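Accompanying notes for the structure given below.
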Amino acid sequence: MTSADAVSGSAFLRGHIARELAAVVGPEHVTTDPSVLQEQAADWSWMAKYLQYRELDLPSADYSVAPANTAEVAEVVRIASEFRIPVVPRGGGSGTQGGTLAPYGGISLDLTRLNSIVELDEESLVVTVGAGIDGPTLEAALNARGLTQAHYPGSYHLGATVGGFVAARGSGVVSTKYGKAEDQVLQLEAVVPPGIIVNTLTVPSHAAGPDLLQTFVGSEGTLGVITQVALRVDPLPAARGFLSFSFPDIFAGIEAGRLIMTSRLRPSVIRLYDEADSLKLRDWVGTPFTGTLMVLMCDGDQRLVDYEMAAITALAEKAGGTSLGPDVGRIWWDGKYEPYAKGKLPQPPLLYGTLDTVARFTAIPKIYRARKKAIEERFAEYGARYTAHLSHWYDWGAMIYDRFYVDEPPTDPAEAMALHDELWNVGVAEALANGGTINDHHGVGMKLGRFMRPQYGTAFPLIQGIKDAWDPDGIMNPGKLGFGAPRGGR
């Protein structure tokens, strides 16, 4: 190969782009090291973990870039727009839907340097932060002021960032009272192609036209890069009270949850496990019971806690529940992150997937029955197992956090991936056929993109139209949310 060949074509262009990016963020914050790019492509999705387990390459970016502020993000997006190369925003990499994979290469945009607390408005109970700040860091700072940003997802100690909370419409264990990310975000700043900084209105509730804020929420980096977020905060609760009940089956527990929510009581936690999941918890909580387990927590003023606990107990017993006392709930609360500890999460070669959905109360029992039957019967030759719990409840319904497991999947990687896809195809089809959605709070990413059109039907072109208007070259996190490839580079 001649020296002219060595500096020609794509290699020359990649070097040129890398130098332009380094001029913006500093050379130490740009890398093309393949090992770093592989690490940045990985999240906690089964497909990423499986590829790593089989020592196969993940689809990764060409550059990792770590800007320090919104202005640098805007300049990086400008460069990406100029060369029509993809931008894959990345927070802590704690997602589960393949959102950090880079199937079209481009820039992995590491936002973790945007980690400052910009302002704490204690009069309005609003905190403004950089999108790259992680949950525990923010919570510790707020707790020191007697406040909480009550968003505690399972990924809390896996690096989850505020930008990720909002971009994926995330949820935490106290969402039943405090809401999901879309309920907690009040304002945001974002960068859209070709490098324009935009801000939503300072308040989320108004009659001043369409809601730009909620268009960004759940967009998973496909419309722009969220760089700064204003969040509601709450006073630390003065008291917490715990309850636990056993029910003869999951359907009695669902009815108890429905009665609680439609009575407009507001426990911060309602966690209902089916029989299979309850069996796994029995030894951990140290209390014998039969059937299914429900744990609850109420918090706030002691008088409110006492009232809600008494009212909830009456409704749970009306639905057939038997009280197990407060200790089971307290044990669960104290150990709530244990199942998500890095050494305890499911790992390949086990094949697994989390099929969460959300629906009205009328549909929840139907979806549970249909998915359990479909997974266990249609994949019986693989010994497929199905478990579920309900952990996020609403005035009108609840979500089902259900999982499938195959202990001994095919050893051929292509066959294992195909089986994983087919389990998802069947599970999602049952949710959509029975009144559910493709997801409640993990997002869509690359894994569920193929289901966006069946879910939205004739409305999907409207969503695609927003994408095309804001990102005409398709460079923002392409291949996610059911959106296609970028429209070519130079």
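Numbers here mean position along the shown chain, with the first residue as 1.
Quick reminder: no glycine exception, Cβ is built from N, Cα and C everywhere.
A quick note: this is a predicted structure, and the numbers were derived from the prediction, not measured.
Taken from TrEMBL, the feature domain 'FAD-binding PCMH-type' applies to 56-236. Annotated FAD binding site per TrEMBL: GLU220, GLY221, THR222, LEU223, GLY224, VAL225, ILE226, in sequence order. What TrEMBL records for ARG271 is site 'Important for enzyme activity'. Marked as active site, proton donor/acceptor by TrEMBL: TYR401.
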For TYR401 (active site, proton donor/acceptor), write down the residues of its own chain that are at least 6 apart in sequence and whose Cβ falls under 8 Å from its Cβ; none is a fine answer.
THR354, ASP356, ALA388, HIS389, LEU390, SER391, HIS392, ASP440
Other CB atoms within 10 A, centred on ARG271 (site 'Important for enzyme activity'):
27
Which of LEU223, VAL225, ILE226, all binding-site residues, has a Cβ with the fewest other Cβ atoms inside 10 Å:
LEU223
The average per-residue pLDDT within the domain 'FAD-binding PCMH-type' (56-236) comes out at 97
So, in DSSP terms, is ILE226 (FAD binding site) helix, strand, or coil?
strand
Take the mean position of the Cβ atoms of GLU220, GLY221, THR222, LEU223, GLY224, VAL225, ILE226, the recorded FAD site. Which other residues of that chain put their Cβ within 8 Å of it?
PRO89, ALA167, ALA190, PHE216, SER219, MET476, ASN477
